[in-house]
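Student: Can you read through this structure? Questions will come right after.
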Amino acid sequence: MDWLFFGEISLAGLAMGGLYALIALGFVIIYKATRVINFAIGEIMMFAAYLFLAFAGGMEMSPWVAVPLAVLGGALLGGVIEKTMIRPMLGESPISVVMVTIGIASILVGLVEMIWTSNPQLLPSFLPREPVFIGPMYLAPKIAYGFLIGMSVLVLYLLYFRFSRGGVALRATASDQAAAYSMGINVRRVFNLAWVFGSLAASVAGILVAATGGLSPQFGIIGLSVLVVVIVGGLDSILGALIAGVFIGWLETVAGAYLGGEYRMPATFAVLAVILVLKPYGLFGTHEIERV
Amino acid sequence: MRIGDAKQTYLADEAIWTSNTQKIWFALLLAALLAFPFMASSYLLYLGCLVGIAVISATGLNILTGYTGLISLGQAGFMGVGAYTVAWLSNNTALPFPVTLLAAGLLAAAVGILVGLPSLRVKGLYLAIATLAASVFLHFIFAEWEPVTGGMEGQSLQPAHLLGLEFRSDFAMYFIILPLAVLALLAAKNLFRTRVGRAFIAIRDRDISAEILGIPLLKYKLMSFALSSFYAGVAGGLFAYFYRVVTPESFPLSMSIFYLAAVIVGGMGNLLGGILGAAFMTLVPEALKLLTAVMTPIWPNAPVFMSPMLEIIFGALIVGFLIFEPHGLAEIWRRIRRFFHLWPFRS
């Protein structure tokens, strides 16, 4: 076995996993606060990445302007989706809400194809290009810097939730909606905030992933990998999302490198199946207790 | 105007045909469906066959999702199992189509039971994701198990045959699909008059209460999975005979979502809903194609926008129906009927 090759692949996988963790964080924020499983998260990422393409490629803005604008656009999209399409579904069965997000995903794909055609596109490069070496192991610069940016956003998020007013409101709503409401927290705004923040995290990750791998209307497939991540980690656990994100990213890349690209999805879904059978609520998820 | 009918026995309440009017309408509908292929153009006939296949599969999904409350993202995978079974049998044996279709249904049902096994421990969305995993594995098997499935290129198959007759054209296929669709619907209708079907509904309404009432959850959930995937397998087998080529890409995840959307748009937990939804969702793309053909002379770019438009309309239909008409087309149909029932007195 070639350990150097394995190391390099693992490193790339771990870096990719960091981005998965960031997306999964966005997913978990939305789930924790609003109990909505967001199947459209991959498409929100895609939309933000296309916005970046439009700003940086089409209008030739500097990446320093284009990235924040695109990320804000993605966050705004999340907020609008919540206000117009998720809010009316409040109190409906989870199945219906999931189907709404699937419908939203389809609408977003259609919009993107309409505006930017269905051809694959390359993002203008905005990350440094010097190769990165960790010891003897080479890591593609896009992936390395993507990982660094993703991680810093992730840390910012964690700090925000720990210390800021909005973050505390969000956590309070997640742990007990009625109590939060009676303590004067504007639960509706928190719902909206959760979608905005969740989409924001997804948008950052979307631009970074698209910068390494290119962009097409099929980009949203990545949402399926993220689904695996959050189920394995436990739907309502941020810690679980982080650990499972890194693990699934690593597994996917290693399986792709050693067994071939067609094994990527089955490998991660095999982990998913095992977890579902052994620990149905994920590694770190809260066990739901049903009372009749 | 029609006056309501008072039912005096449970038997009358349970009857499928409650009045002579209903029987007459149904006979007329059947006659129209039988006459359809003799009058329709080949394009309409093709659409008719597609709708028939979709109705069978959507009814199967309706049993699982609409009546038992178990959401499944694996319907396309089960259809694939059926289609590959039929393809393999038709290429390697000389069995007539009733046997191959039955085998397709049974094999799909077996796979369905396997997929349903986690349903004892997980439910709701976790179960949906378990079925999603199943469809990923099935797709992988279709693509990689080359000796049997033909790999990514898939395989073509012989036309359906029975007693020396070959069902090669759409016209001939229609006469396989229509009776099977009617049979599938009647079977489903009867299912919900039996103990099993009612157990399904009880599980949907509240699984814990159902268990306390003495319904073994695992057994009935698995039964629902088996029945639903049996329908899917038969529909998949018909799909294979209809196109006479099967590839892994014939059964993508979007197809599972299509059927879920059909059941939702039609009306969950309502057999009429499954029919209306399947027909509606199959015909919307065709209507859009027609519209594009009309628009092209005026607006030459129209064909470019057709496929994205389709995605948008598809999504908007799902979202719109769920928000504004959660009971689907069946509810609209019911409202229309009520309007005519009460017509001169209340409108």
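Just so it is clear, glycine is given a Cβ too, placed from its N, Cα and C backbone atoms.
If you look up TrEMBL, you'll see A:12-31, A:36-55, A:61-81, A:93-116, A:143-161, A:193-215, A:221-251, A:263-284 marked as transmembrane segment.
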Student: Which stretch, A:12-31, A:36-55, A:93-116, A:193-215, A:221-251, tops the Cβ pairs under 8 Å count with the transmembrane segment (A:61-81)?
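Tutor: Per the Cβ under 8 Å count, A:193-215.
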Student: As a test: from A:143-161, A:193-215, A:221-251, A:263-284, pick the stretch that has the greatest number of Cβ pairs under 8 Å with the transmembrane segment (A:36-55).
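Tutor: Highest pair count goes to A:193-215.
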Student: Which residues, given as numbers and ranges, are at least 6 beyond the ends of the transmembrane segment (A:263-284) yet have a Cβ under 8 Å from it?
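Tutor: Distant Cβ neighbours of the transmembrane segment (A:263-284) are 224-225, 228, 230-235, 237, 239-240, 243-244, 248, 251-252, 255-256.
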Student: Below 8 angstroms Cβ to Cβ, which residues of this chain, lying six or more residues outside the transmembrane segment (A:193-215), approach it?
Tutor: 19-20, 22-23, 25-27, 29-30, 32-34, 38, 41, 44-50, 52-53, 67, 70-79, 81-82, 86, 120-123, 125-127, 140, 142-143, 146, 149-150, 153-154, 157, 166, 169-170, 173, 222
Student: Counting only residues 6+ away from its ends, which parts of the chain sit with a Cβ under 8 Å from the transmembrane segment (A:12-31)?
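Tutor: Hits for the transmembrane segment (A:12-31): 37-38, 41, 45, 139-140, 143-144, 146-147, 150-151, 153-154, 157, 170, 194-195, 197-202, 204-206, 208-209, 222, 225-226, 229-230, 233, 235-238, 240-242, 244-254.
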